[in-house]
Amino acid sequence: MVESNSEKAGNNCNYEADKHDVEKAFTNGSGGRRSLPGIKAGFEQAIELCGYGKFHYVLLAICGLVSTSEEMDVISMSFILPSAQCDLDLNTKSKGWLNSIIFIGMMVGAYFWGSIADSVGRKKVLIVISFMNGFCIVASSFSQTFECLGGSGPVIWSYFAEFQPKAKRGCMLSFMAAFWTFGNLFVAGLAWLIIPTNIGFVTSIFTYNSWRIFLMVCSTPSFLVAFLLFYLPESPKFLLSKGKPDRAMAIFRGIFVTNNKKSPDLYPVAELDFDEKLMQELKEKRESLKGKYTKMLSNMAEHSKELFRRPILKFTIVSITINFTFHIGYYGLMMWFPELFSRFEEYSNTFPNQTAGVCIVTEYIVGKGNQDNAICSAHIPSAVFMESLISLASALPANLIAILGMDWLGRKFFLIFGTMTAGVCSAAMYFVYNSTQNLIATAVFSGAISTANAALDCLITEVFPTHLRATGVAVSMVAARMGGIIGNIVIATLLDQYCPAPTIIVAVLLIGGGLMSLFLPNTTRKELN
């Protein structure tokens, strides 16, 4: 039953090279076994002849869980804003900084770990980052001031993409992007279950209440994936780029055995087609560098310089610009949805028969908080969690459409369509006049932005060459985190002072950033460089 479901999932992604192709490689026309010397193949042919099956679905599950844990790190901050405002004495501006702190950690971590991943390998770096993420979240739950909260981000996309054949890469990268939605839903459900309760304890010198326990629970997936990653091999594409074809061949054979349940001797590739000139350059580079750490630092510096040289320079600038503008809107609004839901609920409870737009609601909340006799309340109505869950769940059908159509309609189509739709929804939020209209606008925004995010992840991962892929994605992530930081700070500053500005700014940036993708090459169903 498991195998039949897996094959059905593979057919949905329009993958041509399946187990029948592997059979043809070493059977004759009458069905009998033949023993011919193996072929010499490049990376794309080698990974296709491995077939597609159990290994790739286990890889998807583990890498998807890494993606889920990262999104849980990010989105969990948005759910503690209303509940932590009394403990940490937060106003709107400090809430914006609280939302931004995790992006600061992820911005620094993205470049540092991405550069190392192009030098020492994807798998090792991912394991270290997962453990660090878990420990950072645990430490954050004990923090008694908001300045101590933070986090870091992984480089999972390069690793996952380098195991995928070109015909299926867009589909599977979109599938992994859907795990961000699962992370959002999981966090919203946990927040609903844990934060409204009275579990925990409060003393005169130390507080460990429900929202802190919620953060502690959110750290669990990071520790889990750190152990699961030990089960996976290093990227064979990375090993080839480092002049290690024997290790890459061993991994290909292992994938072949796992997917086809056949002897490794039956793998039809005997030798990997490897550029001898590149091997010589790699050998000379290794001989010219003394010491492991000197080599690693030298590689990090060289990879970073290469990104800003022709012909890669154009890709780097465009990817930085798209990620910066996109994530101002993505995280700039998404992180504030629970807060907006909470404000609408508070206003409707006070004025049950009146309708009001987001700016009128905000003016009321700000005015109420500025009163001298204002009492801080950390109570969050259940409707806030329900509305958050609905808006996040709306991304599921959008993710399904992206999975089925990414390799058909292409990355640029989904990116432009998603950003334009999300931009229109952002502008429309200024015109909503009750919580129901606000929920509809945020739900459509969530679905559209999730589709665009899946396309952006595919496009940026594929556009850089292998030896620069993790570093290129890392630099793009730095721009994305910077967008998240600025988006949250700007929205926090403008939301209370000049309400219409945030939604209009986000709309313009999303649409403009999406159109920037027209300057990037078409990577749909193309070989990885």
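Numbers run from 1 along the shown chain.
A Cβ is built for glycine as well, from the same backbone N, Cα and C atoms used for every other residue.
It should be emphasised that the depicted structure is a prediction, and the values quoted were computed from it without experimental measurement.
These come from TrEMBL:
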type	residues	note
DOMAIN	57-525	domain 'Major facilitator superfamily (MFS) profile'
TRANSMEM	96-113	transmembrane segment
TRANSMEM	125-149	transmembrane segment
TRANSMEM	170-193	transmembrane segment
TRANSMEM	213-232	transmembrane segment
COILED	272-299	coiled coil
TRANSMEM	312-333	transmembrane segment
TRANSMEM	389-406	transmembrane segment
TRANSMEM	413-433	transmembrane segment
TRANSMEM	439-460	transmembrane segment
TRANSMEM	472-495	transmembrane segment
TRANSMEM	501-520	transmembrane segment
> Mind checking which residues reach the transmembrane segment (312-333)? Cβ under 8 Å, same chain, six or more beyond either end.
Replying inline: 74, 99, 103, 306, 419, 422-423, 426, 445, 449, 452-453, 456, 460, 463-465, 468, 472, 475-477, 479-484, 486-488, 490-491, 502-503, 505-507, 509-510, 512-514, 516-517, 519-521
>> Let me spell it out: take the transmembrane segment (170-193), skip the flanking residues so only those 6+ beyond its ends count, and list any with a Cβ under 8 Å from a Cβ in it.
In response: 12-15, 56, 60, 63-65, 67-72, 75-76, 79, 156-157, 160-161, 164, 214, 217-218, 382, 385-386, 388-389, 392-393, 395-396, 399-400, 402-404, 406-407, 410-411, 450, 453-455, 457-458, 461, 524-525
>> Need a quick answer: max count of Cβ pairs under 8 Å to the transmembrane segment (501-520), which of 389-406, 413-433, 472-495 is it?
In response: 413-433
>> Below 8 angstroms Cβ to Cβ, which residues of this chain, lying six or more residues outside the transmembrane segment (389-406), approach it?
In response: 12-13, 170-171, 173-175, 177-178, 181, 184-185, 188-189, 192, 337, 414, 418, 439, 442-451, 454-455, 458, 524
> Per-residue pLDDT averaged over the coiled coil (272-299) comes to what?
Replying inline: 54
